[in-house]
Amino acid sequence: MDGIFAYIWASFLRGFLENYANSDNENLIMGVIDTFFHYPFWFFGIFISAFILLSLFTKERIEKISRLGAVFSFIIISPPIFDLIINMGVQARYSFIVGSFSDLARSLFTFLGGIAGGTYGATTGMKIEIALAILAAGFYIFHKTKKIFRAVAGALMLYVLIFAFLSLPTFIFTAKNAFSADRQEINYQTINNFYSVQEPENSFTKNKTFIVENKNNNLSLTQGINNVYSATISIIFLVLDILLLGWWFWLYGVKKFIATIKNFRFLRIAHYFLMAFAGIYFGIKFSGQNPINSLFDFASFISLFMCLLFSWLFAVWENDEADTEIDKISNSSRPLVENALTAGEWRASKYLFLFIALSFAFLGGLYLFIFTLLFLSLYHIYSIYPLRIKRFFGLSSLVIACNALIAVLMGFFMFSGTENLRNFPGRYFWGILIIFFLFEHIKNLKDFEGDKKDNIQTLPVMLGLKNGKLATGILVFFAALLAPIFFYFNIITFLTAVFFGISLFFVINMEKFKEKYVFIIYLFFAVVFIGEMAVFASADSFDARANQAATAGWHWLYQYNNNFSDPGIPLIIKTINDKYCHSPKAETFWKNILKEFKNHPYLPVFERFFSDKTDYKNISDKALAILKTPQTYYNDVLPQALYCDLYPVREDFAAKTFDKIETETGYDLTHKFWSAVLFKENGCSAEGYKLDEIISIAAQKMVAEQEKSEKVDDLYAERAAFLEYYGFKGLVKENWIKNIMDNQLESGAWVNSVKDVGNPHTIVLSIWALAEHSATCPFQE
């Protein structure tokens, strides 16, 4: 462990010194991800690879080489020092070597030289560092083997290895390119464009990064690019490091390696992976979108499962430490019982698992990190004193059920596109908890003798093994029957549950109980049930119907060739398109509609809606004139709320907008609700008024009006759309959406006051309400 910390400290110090020497850093400290993950993981990969190479060439024990390497690891801090001295304080550019394969070949044979119009190559300091490392490796191999050819070959291999690590972004791009439908030429420009433009634009999960750097108070696209790139590279490097560590461990001791792998409990891992996949399925169902659109999305996907894997391994290692005496009776083949690993090796691997789990969690985003901490904490109190919850009947199964739920939530919030905890369906939440609370009693059957000796209260201990198996079988049977009730019920899913429930009951009550058979049947049941659920749910999904209705409305609207009459129409189309579609066709459409209103009296003040509010700093003279002059009805308060962060509201604004908002009705109510939300979103405040409370009151009043409404018109659709869009989706009743869909004409239109005549304002508001409900894009062909 001391050696590992030496490598980490050396790489951390190298990164810090580069802040002074690297011109790309603009005299700023590197971001958190680069400092603590990107650089250490990259250097650690080189170290491990070099030790493996030296071990293969010298036949020396790899742990001896690693200890020696720890002493010399601080050579990596030399390049910034050399460069600052040689360049007399002038910064140099530190970068990976990227370009076409011919460019890489030229750089390889010119000792890390740069290419005109392409890669910059290595700095002078880096070349000195690498030359010293190569000479040291050659000398070490010769010292151990006394063979000059082997020494030269080993030194050259180390150079190629270091070059390969320096060129990894090119190889990563090449691998991604091989699996892409639109393959690109491999050169410096396309690779740079991929990492700096395509990845941030295409990524579905880009807003999940844990850290958003704020350099010079500029939260720009550049910061998002840095995070997406750094997190992606860090995840890939960490996966590569894990594979190399596995190889290192194999060379360290084959028997120890095999004993470690055998202790992974693969069926349990499969269980948690399946839970995560279920969460991803629920997330896709919620968002209606493909969640993997970029390399970063794929890296996030990998980080989720790697995080779960290593969190589980840490929990297993910690539990085995606590259960050594029990395992001597019930699980005598465990590594600790057999002394396959020493206590020091066990602790080192345990904390290595923890470090890897938390690293993947951090790189996967805030929610994944929080859920990982919960997962680890629950398993800790399950196994370790003073609580050691596994001793108490019921509580132990509840903890395991909670962790099954956490695995589902990890997948859901990684790929659902939402951060609202309430968006995870309540019936799924309770269904997972209850089903796995009943199911988890299975784990106690094989540990009966050990649990009995340690006085751990389980069904077999309390009822005896035979009756305990019977009770467990009954609970598991009912758990299987609850699956269709909580998740998706029809005759096929119910019969599936009955079949697998009976199968599980009989396998549990076999004379010679084998836990692995139970888990295989359970996993097969879960896969079949989730597959059936996906097929049937997609066929009759309410959300799918809502999306179809919204798309039909869009087709009618797109073909409409008369005046649109309301500037809110292009704004709503833009809002939907920005959130769900990013369709060039829809963007052109709303911009063409907007031209119709170039002389509209309120367009100057509402033009901010059509711009990026964060970049909108100047108020036009026409907009300023409107803000200074009292207007009628909500046309007075809405502009003031829209510009409150740039221009002070009038003294009567708060009273006109917020006082007695609960007495407002119709469009006055919806637009004052809108004004209050904009006022809050712009960071404005009014003395004596609690904005959250006012907005909530207005929302509740809109719900009350909607429930009493007998007419499905533009106001009906507007209430639903506003509530959904501004964070009150839980208040929108499913029957409101059904009423909107039921009132759609066969042509795809919705009417307002004139029978059978489509009204663009009603149509666009209905499309918006349906798009928000289904969380899908309606602008489809």
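Every residue gets a Cβ built from N, Cα and C, even glycine.
Keep in mind that this is a model prediction, so the values were computed, not measured.
Features as listed in TrEMBL:
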type: TRANSMEM; residues: 36-56; note: transmembrane segment
type: TRANSMEM; residues: 68-86; note: transmembrane segment
type: TRANSMEM; residues: 124-142; note: transmembrane segment
type: TRANSMEM; residues: 148-173; note: transmembrane segment
type: TRANSMEM; residues: 228-249; note: transmembrane segment
type: TRANSMEM; residues: 269-286; note: transmembrane segment
type: TRANSMEM; residues: 298-317; note: transmembrane segment
type: TRANSMEM; residues: 351-380; note: transmembrane segment
type: TRANSMEM; residues: 392-415; note: transmembrane segment
type: TRANSMEM; residues: 427-442; note: transmembrane segment
type: TRANSMEM; residues: 487-507; note: transmembrane segment
type: TRANSMEM; residues: 519-539; note: transmembrane segment
Mind checking which residues reach the transmembrane segment (351-380)? Cβ under 8 Å, same chain, six or more beyond either end.
1, 4, 33, 37, 205, 208-210, 231, 234-235, 238, 242, 245, 299-300, 303-304, 306-311, 313-315, 317-319, 399, 402-403, 406-407, 409-410, 413-414, 419
Counting only residues 6+ away from its ends, which parts of the chain sit with a Cβ under 8 Å from the transmembrane segment (427-442)?
275, 282, 396-398, 400-402, 404-405, 408, 458-459, 471-472, 475-476, 478-479, 482-483, 485-487, 508, 515, 518, 522
Would the transmembrane segment (298-317) and the transmembrane segment (228-249) count as touching if the test is at least 3 Cβ pairs under 8 Å, pairs 6 or more apart?
yes
Could you tell me what the rest of the chain brings near the transmembrane segment (148-173), counting residues at least six beyond its ends with Cβ under 8 Å?
42, 45-46, 49-50, 53-54, 57, 96-99, 104, 107-108, 112, 122, 130, 133-135, 137-139, 141-142, 186, 190-191, 194-195, 233, 236-237, 295
Would you say the transmembrane segment (36-56) and the transmembrane segment (519-539) are in contact under the rule of three or more C-beta pairs closer than 8 Å, pairs 6 or more apart in sequence?
no
Can you see whether the transmembrane segment (36-56) and the transmembrane segment (269-286) are touching - at least 3 CB pairs under 8 angstroms, only pairs 6 or more apart in sequence?
no
Counting only residues 6+ away from its ends, which parts of the chain sit with a Cβ under 8 Å from the transmembrane segment (269-286)?
301, 304-305, 308-309, 312, 403-405, 407-418, 423-425, 428, 432, 519, 522-523, 526-527, 530, 534, 537, 541, 543, 775
